[in-house]
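Visitor: Below: one structure in structure tokens.
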Amino acid sequence: MGDRETQNQSTSASEKTPMARLCGLTDYFTGTVEPLDRWLARKPCPLRFVNACCRAFGQPIFLNNPISGLIIMAGLFVQSPWQACCGILGLLAAQLTAIATRQPKGAVDSGGIAFQGLLTGLVIPALTGVTDWHGLLIIPVIFFAIFSAILAVALGNLLGQWGIPAFNLPFNVATFIFVAASGPSNPYYGPPPPPTDQLNEAGTSGLEQVAANGTDEPINWVMILQAIPVGIGQCYGCDNLITGCLMALAMLVCSPTIFLHGLIGSILGALTGLAMAAPLADIYAGLWGYNSVLTCASVGGFFFVLTWPSHLIALLSAIFAAVVKGAMAAVLMPAGLPEIAFPFCIAAGLFLLVTSESKLLMRVPMDKITWPEDHRRRFKPGGVANAQEGEALEVT
């Protein structure tokens, strides 16, 4: 009996189709790279710590994939070695905080808390204008990275009561508090103010630039095209074209669905900016794209099972995020404050609360989230897995 079962198993294994073998091979670099987790299960803690940190690099754009994380880390060093080091420092501070406060193993191992510190460390130098090595900036980076990790736990518990994730809201709150408290002309955490004559000259040239940036200025469609990957890079506070392309590649490696929705979101964000007569320099820099990238990718297949209705909702949410960005920028810019990624948190949170009696609009349970293609396989309407497991949440 045992020999017969062994023979049947070997026969079935040998009868795997080439497509099945290919799908098995892609598990080693796409999705969440489950074979790596199984291999690390009994390995020393330092290896698991490195794996968690690599995964944290991809978490801001919903990529729980260490290979994608390494690609993104390379892109950050292309942008600025100093900014990348600040991001790594913030990541380590947040990860150690999560470990010290004994947070759930899944959240720690996936980098689901540490990425808040990563974003804090990346964006604080960008917003303060410190683009070169500045040792004193390390102090607020570490402090607010730790603060963002604590906020991630607190806001996760609060918003989880409504089935809404914290997104990157903890990073937004921590960074906004720092920028508002330090002020735009802080001599310790920002570049020194220019002399009075240079300031007046800069103000005059700025007015001329604003006047020239009206409807008469021709649109550079090549720059609009470049703004698509740059908008993806701005999810990390990066405006380098190569960095944005590397981050788009990281999306493609982990999930083609996230990659597609990220590109669409960046396009819709840029077009919405054009429709709202936003400054072309901001559109070219990807500042109108990143909120739409995050919103479209989160709604289109990550938190909702990918169907045509959820895809259409993702497109609407991307446009709405760009409109919210414009409104918040108009309110906060006179005070010298950034809107950061608050528009994404507002838009995505609202659209995740959309209810429907249709089985074509399903929320993925928070404890079952992996990557969009896996959600589609397990939870698609009428699918065998969905019928047997009953794991998908129909939003009612």
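From the backbone N, Cα and C atoms, a Cβ is placed for every residue, glycine too.
Whatever TrEMBL says is automated annotation, not expert-curated.
I grabbed these lines from TrEMBL:
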TRANSMEM  70-94  transmembrane segment
TRANSMEM  106-127  transmembrane segment
TRANSMEM  133-159  transmembrane segment
TRANSMEM  258-281  transmembrane segment
TRANSMEM  287-306  transmembrane segment
TRANSMEM  313-334  transmembrane segment
TRANSMEM  340-356  transmembrane segment
Visitor: Among 70-94, 106-127, 287-306, which stretch has the most Cβ pairs under 8 Å to the transmembrane segment (258-281)?
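Guide: Stretch with the highest Cβ contact count: 287-306.
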Visitor: Which listed stretch (70-94, 106-127, 313-334, 340-356) has the most C-beta pairs under 8 A with the transmembrane segment (287-306)?
Guide: 313-334
Visitor: For the transmembrane segment (106-127), find every same-chain residue at least 6 residues outside the stretch whose CB is under 8 Å from a CB in it, and list them.
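Guide: For the transmembrane segment (106-127), the far contacts come to 37, 48, 51-60, 64, 69, 76, 80, 82-84, 86-95, 97-99, 134, 137, 140-141, 144-146, 148-149, 151-153, 168, 170-171, 174-175, 178-179, 236-238, 338, 340.
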